Amino acid sequence: MKGLCILGATGSIGVSTLDVAARHPHLYKVIALTANSNIDVLFQQCLAHHPQYVVVVNESKSQEFQQKISHSQVSDIKVLTGAEALEIVATLDEVDSVMAAIVGAAGLLPSLAAAKAGKTVLLANKEALVMSGDIFMDAVTASGAHLLPIDSEHNAIFQCMPAHYKTGTDGKQVRRILLTASGGPFREMPIEKMADVTPEQAVAHPNWDMGKKISVDSATMMNKGLEMIEACLLFNMSPEQIQVVIHPQSVIHSMVDYVDGTVLAQMGNPDMRIPIAHAMAWPERFDSGAKPLNIFDVRRMDFEEPNLQRFPCLRLAYKAIHAGGTMPTVLNAANEIAVEAFLDRRVKFTDIPVIIEQCMDAIAVAVADTLAVILDHDQQARTVAKQIIADRLN
Ligand SMILES: NC(=O)c1ccc[n+]([C@@H]2O[C@H](COP(=O)([O-])OP(=O)(O)OC[C@H]3O[C@@H](n4cnc5c(N)ncnc54)[C@H](OP(=O)(O)O)[C@@H]3O)[C@@H](O)[C@H]2O)c1
């Protein structure tokens, strides 16, 4: 029986994780659930899964939650608050596996704490890895933690990689990774019309049902840019070894191209419970609840090269990884601020890459050898991006 902590339980990945865990009560016990402020969903999750701990980061919501449970059958749950409490629950002795599913930079410190504590880290929170890079990977190596990717593409690559890829022999065997992307909702929209897209259009992804931020990232293809950086770190590849491939049907979730000409692909319906169940059962397999793929329903599979004029965010991600150091952190922070402003209707969809690039050009790159430097550059980028947005509005 493994103890499970879900960071970001109330989000799209968190909900899918609980769905998978509930199918295997003899294998997983839910120890801790965390939310930022969505206490209604959290309360329902507590009634269904009765964890020992919850964290509600927002303090006033946490007090409200404490009152909400006080006369219920889950009144014995320990309720913690504040961002530091995330690290406490992610490193509890009773916890074996941590699902890192907080969105954005807010997930960095608890995900890193879980890695340092040697937990099995199920990593959905790609922003944490993009920001902390080698620091995160070194923490995993030093503690002996298992790091299992949840992003469907990285999970697919993990499944197609040689079992011993961590030993470094992959360098001789793997030529490149083919990282698939659906192309999002605006793959075929005339480029001149993209300035007018609304947040509602941007979050309506054709194949996946996801949180708002990652849905906008998919529409701009910043998501693929972050994933390219994530793939370099997870699989020890150079950016030149990652080929982004637009595959609108989202049936193949990525491929590994070997030196002998073999290409291995992982396929399945677009349902995040598949990579989640893969990581939770690893190295075994168990039922995810997802519909089996009916290969006869897959009438065709198309593959295209991405158009960097349509998707400048992808170009910016390559620019950031080539600059190295703190630049991926700046890219990520500027993107978070720009996406938030777009969702609040303060900037246009096409302003997002412009804001990010101005921010990247304004901040000098530094060596990202300590967490303090990374967090400092994250803050600098947020301040600069907010100023760029304010200047555009004036
Ligand atoms: N959704 C997918 O299919 C998918 C696929 C691959 C990778 N991912 C990655 O998985 C992560 C989560 O994505 P999602 O789609 O599940 O996001 P989401 O639906 O927006 O959920 C985000 C979760 O993070 C919590 N949260 C937000 N801000 C927080 C803060 N400041 N402190 C603590 N907790 C905070 C939210 O709590 P409240 O509900 O209380 O706000 C919620 O539980 C992202 O990094 C995303 O890139 C997602």
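A Cβ is built for glycine as well, from the same backbone N, Cα and C atoms used for every other residue.
Bear in mind that TrEMBL entries carry predicted annotations, made automatically and left uncurated.
What TrEMBL records for 4-133 is domain '1-deoxy-D-xylulose 5-phosphate reductoisomerase N-terminal'. Helix, strand and coil counts under DSSP for the domain '1-deoxy-D-xylulose 5-phosphate reductoisomerase N-terminal' (4-133) come to 61 helix, 28 strand, 41 coil.
Counting only same-chain residues at least 6 apart in sequence, those with a Cβ under 8 Å from the Cβ of Ser12 (NADPH binding site) are Asp209, Met210, Gly211, Met272. What TrEMBL lists as NADPH binding site is Thr10, Gly11, Ser12, Ile13, Asn38, Asn125, Glu127, Gly211.
Annotation source TrEMBL lists 1-deoxy-D-xylulose 5-phosphate binding site at Lys126, Ser152, Glu153, Ser182, His205, Ser218, Asn223, Lys224, Glu227. Around the Cβ of Glu153 (1-deoxy-D-xylulose 5-phosphate binding site), the same chain contributes Leu179, Thr180, Glu227, Ala231, His253, Ser254, each under 8 angstroms and 6 or more positions distant in sequence.
Mean pLDDT across the domain '1-deoxy-D-xylulose 5-phosphate reductoisomerase C-terminal' (147-235) comes to 91 in this model. The domain '1-deoxy-D-xylulose 5-phosphate reductoisomerase C-terminal' annotation in TrEMBL covers 147-235.
DSSP gives Asp151 (Mn(2+) binding site) a coil state; it is part of no helix or strand. Using a 10 Å radius centred on the Cβ of Asp151 (Mn(2+) binding site) and all shown protein chains, the other Cβ atoms total 27. Summarising the annotation, TrEMBL assigns Mn(2+) binding site to Asp151, Glu153, Glu227.
What TrEMBL lists as domain 'DXP reductoisomerase C-terminal' is 267-383.
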Entries of Asp151, His205, Asn223 which, being binding-site residues, have CA atoms within 10 angstroms of Asn125 (NADPH binding site): Asp151
Neighbourhood of Asn38 (NADPH binding site) by C-beta distance under 8 A, where only residues 6 or more apart in the same chain count: Thr10
Rounded to a whole number, how many Å is the Cα of Gly11 (NADPH binding site) away from the Cα of Asp151 (Mn(2+) binding site)? 14
Kindly point out which of the binding-site residues Asp151, Glu153, Gly211 have a C-beta less than 6 Å from some atom of ligand 1. Asp151, Gly211
1-deoxy-D-xylulose 5-phosphate site residues Lys126, Ser152, Glu153, Ser182, His205, Ser218, Asn223, Lys224, Glu227: biggest Cα-Cα distance, Å? 19
Just going by other Cβ atoms within 10 Å, which of the binding-site residues Thr10, Asn125, Asn223 has the emptiest spot? Thr10
